[in-house]
Amino acid sequence: MPEGKIVKALSGFYYVQHEEGITQCRGRGVFRKNKITPLVGDQVVFQADNPSEGYVLEVFDRKNELVRPPIANVDQAILVFSAVEPDFNPGLLDRFLVLIEYHNIKPIICISKMDLVDEKMRETVEAYANDYREMGYDVLFTSINTSESIDILKPFLEGCVSVVAGQSGVGKSSMLNVLRPELELKTNDISSHLGRGKHTTRHVELIAIGSGLVADTPGFSSLDFIDIEVEDLTYCFPELKEASQYCKFRGCTHLSEPKCAVKAAVEEGKITEYRYKNYKQFVEEIRERKPRY
């Protein structure tokens, strides 16, 4: 039986990319019986008599899975945040980073609209970028109006399945339109009343860019820490994870425990205060989370 990758899921149909092209498929009833939902990014076995009528027969094991957006087997996440309009938001970026780290996906931070910043804002954004680079993250600067700066991103996409995510209105669809102009993905201006953009992507689809596949993922409604526990959170902050091995107490939450290496690193300036503040805020959110039954 032929194998392929689901590159689009829409209205109960799964579009499977394989050596000979793309075949439109439906899922077998056994998936519903076993409560399995094929996802974009799934590697599958399928059967088809023609390109428009096929059936997905088997879904291979996934290395990771996101719920919102519903996508599997992601190699990396391109987290797009604008320098201005809306202003760069490290708190929201850290929220995305925690979720991506928790799912063992490599994050790449892409700061867009650098062509719109004044000198003061540029210094602020570059200072944040240097902080995140010191934590081990790749940070790229792009300007939506110049294709040359978008080319900076292309080498990072080669041979990978990438998710594009980020704050609404930061230029995710505009970025993909520059990478692949024929896509003509719809973009919306920022709402002056809310200071944020309306989401313009309606479904998840993997798009070929070079030798890579990129998903323009809709929404950011999944930013609640539904599955993450307090003990997981340290491991989603690389610099806290590094320092925590020197804490006196195993299972230290880095809040009130004595001889905490993380708090010491914050006091010494080795961990930024805003990252530690966000960590504490996330701990509080998780502890106040209502239990699920």
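Backbone N, Cα and C atoms are what each Cβ position is placed from, and that goes for glycine too.
Per Swiss-Prot, these features apply:
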- SER112, LYS113, MET114, ASP115, GLY166, GLN167, SER168, GLY169, VAL170, GLY171, LYS172, SER173, SER174: GTP binding site (BINDING)
- CYS247, CYS252, HIS254, CYS260: Zn(2+) binding site (BINDING)
- 63-223: domain 'CP-type G' (DOMAIN)
CB-centroid shell, 8 A cutoff, Zn(2+) site CYS247, CYS252, HIS254, CYS260, site residues removed: SER244, LYS248, PHE249, THR253, LEU255, GLU257, LYS259, ALA261, VAL262, LYS263
Conformational class of LYS172 (GTP binding site) under the three-state DSSP mapping: helix
Which of SER112, SER168, all binding-site residues, has a Cβ with the fewest other Cβ atoms inside 10 Å: SER168
Cβ neighbours within the same chain of CYS252 (Zn(2+) binding site) - under 8 Å, at least six residues apart: SER244, CYS260, VAL262
MET114 (GTP binding site) in three-state DSSP notation: helix
Residues near HIS254 (Zn(2+) binding site) in space but at least six apart in sequence (CB under 8 A): THR234, LEU240, SER244, CYS247, CYS260, VAL262, LYS263, TYR276, TYR279
